[in-house]
Amino acid sequence: MIKIISVGTIKEKYFLQACEEYKKRLSRWVKVEEIEIKEEDENKYFNIETLLEKEADKILKHVKEGEFIIVCDINGIELSSEEFSEILRKNINSSKNITFIIGSSNGLSNEVKRRADLLLSFSKLTFPHQLFRVLLYEQIYRGLSIIYGTKYHK
C-alpha cells in the first residue's frame, strides 16, 4: 500500500482530477490511501516552530511502525525516475507499506523529518502545494510503470 499524507487540501478542480486519474491508474498495481491534514492557522501561533509541531502531531498519528517513510523536502536527495522506482520496488517486494509526507507551505518539523527513511527532493525549485501533489502521483505512477514494464516511461 502507498499512503500519501499531506498538509492542506486541493482546491482546484483540475489538480484534483489529475490526482484522481493517477490514483485510478495506480489501482491496478497498488492500493493508495490519501490523508489530508488541515493546515494550521498561522495567526494562532507565536512562531512557526510551534505551528509545525502541532501539524507534526497530526501527521505522525497516521504513521505506523514498519512503514517506509519518504518525506518530501527541498533539502532531501534528488533521484532519477529509475532510482526512485528501485526504492519503490524494494519496499513493495518486502511487503512494506510506503508512506509519503508532504508538508504545508511552512515546511515540516524536525520531528517529522527525523522519522523519515528517505528525505526526497523533487527539485530545488519551489512548487505550489496542489501541483506538487500531482507531481508526486505522477512520479509514483512512473516508478511503478518502470517496475511493471509498461510503456509509460521512455
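Any Cβ shown, glycine's included, is placed from N, Cα and C.
Values in this document were obtained by computation on a predicted structure and should not be read as measured data.
According to Swiss-Prot, the S-adenosyl-L-methionine binding site annotation covers G103, F122, S123, K124, L125, T126, F127, on the basis of sequence analysis. In the three-state DSSP classification, F122 (S-adenosyl-L-methionine binding site) falls within coil. Less than 8 angstroms from the CB of F122 (S-adenosyl-L-methionine binding site) sit C72, E78, F132, L135, L136, Q139, each of them six or more residues away in the same chain.
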Below 8 Å Cβ to Cβ and six or more residues apart, same chain only. Which residues does that give for K124 (S-adenosyl-L-methionine binding site)?
I74
